Every structure is written in C-alpha cells, then in structure tokens.
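Written out below as structure tokens is the structure these notes cover.
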C-alpha cells in the first residue's frame, strides 16, 4: 500500500546535497507581538497545496533565527512546513527553549495564516535546535513522545541523561567544538538515549560549534533524510541513514553510528 505521506521525487545524493529541494517555498512572518510563548519567527512552507509535517527550529545561545534560517528554507523545500524562531531573549536557557519550540508548533497549527494551517498535518511534528536550542530539542523530546523526530545540532545541556526520550533522534556533533565538546555533550547525550528507539549520531569532521549556522551539505542532507524517514514515514530515505555515511580519514564525517535498521 502506498505511503500517503510520501512527497517529492525519488531521492538521490545529489538532490539531498543541493542547496534547495524540489518544492518551491513561500515564507510568512510570525510577529513577536502575535506569538504567544516565543519571540516570533519565520515560517517557510511549500507552495504546492498539500499537507506536510511541521518542524520548529530554535537558534542557540545569543543567536537569532537568522542563524538557522538556511535550514528553514532548505527543509521546507523538501516538503515540510518549518518555523525558525527567535527566542524571548537571546540568553534563554535550554529548558526555556524547549517551551518556546512547543509554543511555536502550537502557533503554526492554531494561529498562523490559513495558507500555513491548511498545509500542516498536526499529527506529524518535529523539532530541531542549535546549541542550547539543541538542548531544548532534547528536553521537549523527553516531554512529548508524540513527536515524530528530534534533531539536536551541536547540542548543549547540563543534563546528560536522556533515557526518557522516546522520539527518533539524530544528534549531530562537531569534532572541533570547544563550546559544547562532543565528549561532554553530544556523545553522552546519544549514549544515554535508549537503544529501543531509532537514533543516530553523526559527528562532523573539521567542524566547530557554529557549523549549523551556515549552509552545510552534510547537516542539510541527513537532517532532511531523518525528517523524511520519521515524520513522513518515507522508507525511500532509509538508504541514506542505514548504513549511513562512511567515516574516517579525509571525510566530512568523523563518526557515524545508529540503531539501524529502521
């Protein structure tokens, strides 16, 4: 039986590594004054009239939505409705960012324009975030098992135990990160996630804490593949996640491990 959530052509490496996907994208401003519980943001959505999963993305400590805007547009162009948010203050801590990601999902479903609301399948939601936004992503995933996917990017959180998470989670770390070093953040976060869930750990080679703030082929490719696989239940994308990218010398990926198959 055909998957009703499949969107777009059969995927290839070239399609996933390109700066934009197959869908034309429109955008809509979410005013800080109209946003309840977060600092406003920008919604990117496919122009094609259909229903799509929805994704909320938080920036990191001291960051604004501009630091993750490229991800909003990139992911929307593959068939998702995406909001990149400003936080209430740029100094908000991870657990505050979790609440704001949740508020942003609610905003898209209930308060955005009809063009946005009519395109969202509210049963298929996901969250992403950079740095403290990645910590917020983990926190919300631990609180909302109904989420379909979570992607923390070079995440930072004081809590190291995420064994309560039941959401398919892709953690992306960076080997040269000195702000949230993988040895004390991304790796122990991944290791603490239960082996019973679909999870993966991708460590970028030669990359710093701020790798998610500029267009990155690897982050874009594997974030889209993860969202497609778990928000859209689209098994055409499993080929990119299992066995996943090769790691080692002279590659763009330092390490990749997962609970494949999924």
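First residue shown is number 1, and so on along the chain.
Placed from the backbone N, Cα and C atoms, the Cβ positions cover glycine too.
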| query | Which one, 52, 61, 237, is listed by Swiss-Prot in the same poly(ethylene terephthalate) site as 132, 156? | reply | 61
| Of all the recorded positions here, 209, 260, which one's CB has the most other CB atoms within 10 A? | 209
| request: Could you state the whole-number distance in Å separating the C-alpha atoms of residue 242 (disulfide bond) and residue 209 (active site, charge relay system)? | output: 26
| task | Select the closest residue to residue 156 (poly(ethylene terephthalate) binding site) from the following recorded positions, measuring between CA atoms: 131, 177, 209, 260. | result | 131
